[in-house]
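Swiss-Prot annotations:
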BINDING   G35, P36, S37, G38, S39, G40, K41, T42  ATP binding site
DOMAIN    3-237  domain 'ABC transporter'
Amino acid sequence: MSIEIANIKKSFGRTQVLNDISLDIPSGQMVALLGPSGSGKTTLLRIIAGLEHQTSGHIRFHGTDVSRLHARDRKVGFVFQHYALFRHMTVFDNIAFGLTVLPRRERPNAAAIKAKVTKLLEMVQLAHLADRYPAQLSGGQKQRVALARALAVEPQILLLDEPFGALDAQVRKELRRWLRQLHEELKFTSVFVTHDQEEATEVADRVVVMSQGNIEQADAPDQVWREPATRFVLEFMGEVNRLQGTIRGGQFHVGAHRWPLGYTPAYQGPVDLFLRPWEVDISRRTSLDSPLPVQVLEASPKGHYTQLVVQPLGWYNEPLTVVMHGDDAPQRGERLFVGLQHARLYNGDERIEPRDEELALAQSA
């Protein structure tokens, strides 16, 4: 079941929370709505579900306009962060509930309901807990029950609002893998809200990054990491170093050093330089690629690489985070050399585009 979100706007009083949002979700795709608090992601999810109504715009399911359709008539499964299980019902009865309240002409008979719930219990690996009550379950088990209950009525679309947000880190990881496997098996269309970047990139086919009621980027997870479409995405997704400098002529100046850009930008003046920790070239010896001296402040081994916090020596005041590969980890106080590879320059929110795809600032002028 495909979803078409067309020119959706939403206001609460004078506050505009969604600004002309358009997004197409193909049938069978799992999409993450990712963003900080206040970005509009949960409001958009609730509009898809029919729990909120847009100020203007349209929602279509497989070409059919459902914009004014009541939530109960959209055939959408919804999973909340805090489970919303019925405390007085067993696990079995919680999962069966949606089937038992269907209109009589659509309601399966008792034997069919039992068979379906039994199958779902096996699918979510909770068959041995069918007679327990929610108070007797762990957080991860409760969320599995909530997912099974949502799937019991065979929804055309599954929507999840921060489904793992209330769980501890290890349980979240296990449930993420399980949800992805379940999606691969059942091939339902799914949209979930999260503020967790790792969760979004691990589970989703496509990540929609939102900020202040706008879509900043909608791409495959690796594309969002490698090719951020805006400054917001660059800063929001993972760790990034920022250096403040100035463009003068065809050179980038930071502190007492300057680097040739290879071209002269139309914009001249203060800029911010961004680069990921793994985009910094680092070496124990000075070279054309890594001419800038730094001193190691912190070294955190991560298995096949070491994450370092280094202090530039004489060319910038703020420390940088970098990644060094190999088994021979540097020690605190050790002197290393870096180059500013794959750098991106921004004047406010506007990227200063180089002639090539990226800048490679290394040897100073």
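Going from the start of the chain as shown, residues are counted 1 onward.
Glycine is no exception: its Cβ is also placed from the backbone N, Cα and C atoms.
Cβ proximity to the ATP site centre (mean Cβ of G35, P36, S37, G38, S39, G40, K41, T42, cutoff 8 Å) flags the following additional same-chain residues: H195, M210, S211. The most densely surrounded of the binding-site residues G35, P36, G38, G40, judged by C-beta neighbours within 10 angstroms, is G35. This prediction places the mean pLDDT of the domain 'ABC transporter' (3-237) at 92. When other Cβ atoms within 10 Å of the Cβ of S39 (ATP binding site) are tallied across all protein chains shown, the result is 25. Here the binding-site residues are S37, T42, and the one with the most other Cβ atoms within 10 Å of its Cβ is T42. Residues within less than 8 Å, Cβ to Cβ, of K41 (ATP binding site) and separated from it by at least 6 positions along the same chain comprise L33, L34, G35, V193, M210. DSSP assigns S39 (ATP binding site) to coil in the three-state reduction, placing it in neither a helix nor a strand.
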